[in-house]
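Going by TrEMBL, these are the annotated features:
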- Arg28, His33, Glu39, Phe40, Pro41, Gly42, Asn124: 8-oxo-dGTP binding site (BINDING)
- Gly42, Glu62: Mg(2+) binding site (BINDING)
- 8-135: domain 'Nudix hydrolase' (DOMAIN)
Amino acid sequence: MGGSAIKHIHVAVGVILGADGRILLAKRPEHLHMGGRWEFPGGKVEGNESIQVAMARELKEELDIEVKAMEPLIEVRHDYGDKQVFLDTWCVTEFAGKERGVEGQELAWVPVSELPEYHFPDANQPIVDAVLKYANASHE
Ligand SMILES: Nc1nc2c([nH]c(=O)n2[C@H]2C[C@H](O)[C@@H](COP(=O)(O)OP(=O)(O)OP(=O)(O)O)O2)c(=O)[nH]1
Ligand SMILES: [Mg+2]
């Protein structure tokens, strides 16, 4: 179990890259944990699902898109006090379908340079940093 005494909730987190280099964000419904904040779409890995299967399922459920290719970006463990999360974060580099907020959530395609202006859950700072670094690296 990774040597950790704490049981983290395993979450598939998708940094979805658009054709123009923008990133797809979704607003978390107010009544949920970290409600009202912007997030990278995704959700809890169920049972013994692989991360690939969980990501594909979550992005189909939340956005009605099909993941075609993804690559690992960063693993973030965060303790919210009442809940501990393991954000297993991947860049979704190819998908099919037209995204829509299936659960009524607001969506936004955001240029990477504007990500720091968005209010994310507390655990997300390392993800935002990694996306900035990833975007810079791929433009070299
Ligand atoms: N998807 C996502 N979850 C995040 C991010 N940052 C962050 O702290 N989280 C946390 C919030 C939640 O505690 C957890 C994800 O759970 P969730 O509520 O979205 O799970 P889910 O989509 O499977 O939904 P549910 O039906 O099980 O409630 O991870 C993020 O950027 N994206
Ligand atoms: Mg979710």
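Counting starts with 1 at the first residue shown.
Positions of Cβ are set from backbone N, Cα and C atoms, glycine also.
All annotation found in TrEMBL is predicted automatically rather than curated by experts.
Remember, it's a predicted structure, so these values are computed and weren't measured experimentally.
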Summarise the domain 'Nudix hydrolase' (8-135) by DSSP state, stating how many residues are helix, strand and coil. 33 helix, 52 strand, 43 coil
Distance-selected binding-site residues near ligand 1 (C-beta under 6 Å), from Arg28, His33, Phe40, Glu62, Asn124: His33, Phe40, Asn124
Quick note, Pro41 (8-oxo-dGTP binding site) and Glu62 (Mg(2+) binding site): C-alpha atoms separated, nearest Å, by 7
Filtered binding-site residues, from Arg28, His33, Phe40, Pro41, Asn124, whose Cβ is under 6 Å from an atom of ligand 2: none
So which other residues, same chain and not among Arg28, His33, Glu39, Phe40, Pro41, Gly42, Asn124, have a Cβ within 8 Å of the centroid of the Cβ atoms at the 8-oxo-dGTP site? Val11, Val13, Ala26, Met34, Arg37, Trp38, Phe120, Pro121
Please report the Cα separation of Arg28 (8-oxo-dGTP binding site) and Glu62 (Mg(2+) binding site) in Å, rounded to an integer. 11
State, in Å as a whole number, the widest CA to CA span among the 8-oxo-dGTP-binding residues Arg28, His33, Glu39, Phe40, Pro41, Gly42, Asn124 given in the record. 14
Tell me, if you would, which residue among Glu39, Glu62 (binding-site residues) has the fewest other CB atoms within 10 Å in the structure shown? Glu62
Taking only the binding-site residues Glu39, Gly42, Asn124, which one has a CA atom nearest to the CA atom of Glu62 (Mg(2+) binding site)? Gly42
